[in-house]
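Here TrEMBL flags 1-27 as region 'Disordered'. The annotation compositional bias 'Basic and acidic residues' is assigned in TrEMBL to 1-20. Positions annotated as transmembrane segment by TrEMBL: 39-70, 82-108, 120-140, 170-191, 203-221, 275-298, 324-350, 370-389, 395-416, 428-451, 457-478.
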Amino acid sequence: MGEEGLKKRKGEDKGREDRQSIQSHEPQTMNLQKQAKPFLFPLCISFYFKVGLISGICMIVGTIIGSGIFVSPKSVLANVEAVGPCLTIWAACGVLATLGALCFAELGTMITKSGGEYPYLMEAFGPIPAFLFSWTSLLVTKPSSFAIICLSFAEYASAPFYPGCDPPQVVIKCLAAAAIVVITIVNSLSVKLGSYLQNFLTAAKMIIVTIIIVSGIVLLAQGKTENFKDSFKDSKISVSSISLAFYNGLWAYDGWNQLNYITEELKNPYRNLPLAIIIGIPLVTVCYVLINISYFTVMTSTELLQSQAVAVTFGDRVLYPASWIVPLFVVFSTIGSANGTCFTAGRLVYVAGREGHMLKVLSYISVKHLTPAPAIIFYGAIAIIYIIPGDIDTLINYFSFAVWIFYGLTVLALIVMRFTRKELRRPIRIPIIIPVIVTLVSILLVLAPIISAPELAYLYCILFILSGLIVYVLFVHLKFNWHQKLSKPITMHLQMLLEVVPEEEVTE
């Protein structure tokens, strides 16, 4: 008993010292060696467990299939206005995603550094394009993606309560904001809770996809093919309409490059990376085309465009009286995508803060919960800002516009390094025509909407990306540190409010 009392006394003294450290006037680094290991484990788990081919395929399928297939069908159809071109766009988006992923496979096995596009742009073009990618990802593409998914959740969650009409925008936006707050809180409180929630919601996602596809196949077998007759009649085909249709279709395929973030953790990556891509993305493409065919078995083009929530309308017509299954599982699917996005993007903000590209407080970790709480809260706050002014279609267009600028630059980096970095070992070497095609398509996707239907919002997006140059020159190149004096009291108060501290490097 004496030894146990002594241990308890030491534990109380240690806790008192930690609280005093947090409340000090200067942000202090606490001795978190023992505490940091459980926090680091989820972030580094893939270094200890190798991912095989089947797991790689599942990761691709699970990452790509999210809210997009329940939101984008209406937007794709609205741009081409006919069933035939709509299905063609969905298949073409899958082909483009596969070609892009193969380009990333060569880059990922040639430059085995973490960080996605960042190290590839750094090697090919230097630090400025790489920083602009980081700047745009942290403040535009990642938060807007989170906002789009949560708006999709809100539309499907509110649709059953407003039969025959569209839910009010204020209801949709309030629900989306509430979803962001809940997901942010869950991921701030517990890594394990966020992980368990993700596993459950991923299973739910695959259930609803299977239900829709099987129902569509049964309806086709019963002869429900009238909506496919003259499927190219009255279609609206132009460079602008096809580009915008691709934007919405490619949004549903977003995530095709995620395996590049775990190249080092793949078993035999030189074999399994291209195989997982060649199997996984075409599998998703087949699922997406079949889901769209299922929608058209029960809805005409006009009915699909008038539907506020396409999958809910499908469920009402096919699964009645069990139609409640569809919106419920679609809600699960969208929340799962939002949770996964928050989990990974929150870590991106955390790393950016640690590397000095964002406020240092964003790299702090919670003493109680051992999570990057400031980074996750910052990410959620930015996403809520994107919800206030925008609707889903607008956000998707500007998200796709920004993200394809950097996808195109990254694939162009592959072409450039074929000539400037010939000495680099290339375990996977794809034909040069593939990155050329992807680069040309990227240029078309970026320029076509600007030329054919110019809007000020595209200019604002470009100006925001270029504004990163000012930040880079001042705080990275010239290393101005006056902002640290301004942020020090803010950091101190945030430390006390959130009970967060800098992570101490763990030494073995």
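Positions of Cβ are set from backbone N, Cα and C atoms, glycine also.
With pairs at least 6 apart in sequence, the transmembrane segment (275-298) and the transmembrane segment (203-221) have 3 or more Cβ pairs within the 8 Å limit; the two touch.
At the 8 Å Cβ threshold, with sequence separation of at least 6, the transmembrane segment (275-298) lacks contact with the transmembrane segment (120-140), having fewer than 3 such pairs. No contact links the transmembrane segment (428-451) to the transmembrane segment (170-191), because fewer than 3 Cβ pairs that are 6 or more residues apart lie under 8 A. Tertiary proximity for the transmembrane segment (395-416) is limited to same-chain residues at least six positions away from its ends with a CB under 8 Å from its CB atoms, namely 71-72, 75, 100, 103-104, 106-107, 117, 120-121, 123-125, 129, 133, 136-137, 140-141, 144-145, 147-148, 151, 244, 247-248, 250-251, 254, 257, 386, 432, 435-436, 438-439, 442-443, 445-446, 449, 457-458, 461, 465.
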